[in-house]
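The domain 'C2H2-type' annotation in TrEMBL covers 94-121, 122-149, 206-233, 234-261, 262-289, 290-317, 346-373, 374-401, 402-429, 430-457, 458-485, 486-511 (among others). The region 'Disordered' annotation in TrEMBL covers 74-93. Annotation comment: TrEMBL describes 32-51 as transmembrane segment.
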Amino acid sequence: KKKEKKKINKVVFSKLEFKLFLLPLVKRFSPLINISSICIFITTLLVGVSVCSTTAFHSLPLFVSLSLQDQHGARSQRSQEADKPHRRKGEKTYSCDECGKDFTQAGSLNRHQLIHSGVKAYNCDLCGKSFTEAGGLKRHQLIHSGVKAYNCDLCGKSFTQAGSLNRHQLIHSGVKAYNCDLCGKSFTEAGGLKRHQLIHSVVKPYSCDLCGKSFTQAGRLKKHQLIHSGVKPYSCDLCGKSFTEAGGLKKHQFIHSGVKPYSCDLCGKSFTNAGCLKTHQLIHSGFKPYSCDLCGKSFTEAGGLKRHQLIHSGVKAYNCDLCGKSFTEAGGLKRHQLIHSGVKAYSCDLCGKCFTEAGGLKTHQLIHSGFKPYSCDLCGKSFTNAGGLTTHRLIHTGFKPYSCDLCGKSVTQAGSLKRHQLIHSGVKPYNCDLCGKSFTEAGRLKRHQLIHSGVKPYNCDLCGKSFTEAGSLKRHQLIHSVVKPYSCDLCGKAFAQSRNLQKHLVTHFWN
């Protein structure tokens, strides 16, 4: 009697069903068990009978068997090729179809493609920020926890992740291996160079729906949108100033600490962060690649040019609720509002003059120091800051683009035109409490009040005469000098100042 062969049920399903259900199972379990066991598992799952591996394998449809063999063969080939050093370390073979970015692993490419899909399934319970991966959410939550276990040995700055510390330490090392071919700027990381190169390109795909401002990166757009929202969750414990980002608060707190570890080798000026030092050093280099098409003014940074161009556009979206004055930037409005608040926390130790900002005090203190590193090439006049020199140079060019509609007077700066127009308006909102005299500007009132105070910190070295202002001292010193450029056409008498000549001319008419 012949041995009866065991009947095996044939597994029948479409190619689509195989792709959707069977093939994922093969891919999932094939690294763990051998190909025969997979066949037994799949056949048992679909048919419900236990069979031997060989019979089960051949009982499957032809394309299923071939697919399993292909999977097994491809895996064997990959394991063999893995032993061969056919690919160099760091070589990128997986490319993104959307943006062209390359990756060394398929998994990295898959994670990257989630950015383009827009799917962010992981949300932060504290601030609502969304992430494409759970790891991104975990890293973000460390910011709220305040735990920063990684400290820099050189400057003491703390970080939530080891990677952030490593990137920060490259700043101290001074190694910048990534250079921009267009402007020569160097970076410590390839990512920093890529972000910088977007500045040179015209492509800014991320636009703000409220003001139309465009950005090269989505992250910069998000930061910008916080300005319109008005949400500032980070406040300074010392002065109460609020910020939209934790980084902005940290930078601000350096002002109160007085710690300025970054110094300029040329003029000795110190800064709280490396970025401010770099921006300052561009002043000494004289390199200003960004020029205004309307007036020709040049700038060291693209941001400076953009802010300047707002002056020509006439757009002033930030208004003061107290006096109605408008500004092109939110920062300009904030600085202006300090005038109305009356808070002047920064005082000069030499003359007692107070300022609303630390920058104003620093600029003022240069007057007492006598240090004027910025000189005019045409007349030799020196200035304490680069801005003063730039304004002065406009006098030599004769270029006065700002004209008064009422009297036709032309001036070199928009600010000078505004001050001049106050004369025609007759509005003098600044009054002296002692004598009642009114002024069009707060600065003129301050200078006037020095007369009542009796404080005259500016002394003449030749005759000892004292003055309340540095400008008055300069005009006085012309008397001692031989230079008298203003001469009377009637009698030839010369004067050091034009106003003295005008007074003298009156005597001829009366006589």
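For all residues, glycine too, the Cβ spot is worked out from N, Cα and C.
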* Structure fact -> Same-chain residues at least 6 beyond the ends of the domain 'C2H2-type' (94-121) with a Cβ under 8 Å from one of its Cβ atoms are 130-133
* For the domain 'C2H2-type' (206-233), what are the same-chain contacts with Cβ under 8 Å, counting residues 6+ beyond its ends? -> 127, 195, 198-199, 242-245, 317, 330
* **Sequence-remote partners of the domain 'C2H2-type' (402-429) [C-beta within less than 8 Å, at least six residues beyond its ends]** => 311, 323, 391, 394-395, 438-441
* Structure fact -> Residue counts for the domain 'C2H2-type' (122-149) under DSSP, helix then strand then coil, are 12 helix, 4 strand, 12 coil
* To do: Just give the helix, strand and coil counts over the domain 'C2H2-type' (94-121), going by DSSP.
  => 12 helix, 4 strand, 12 coil
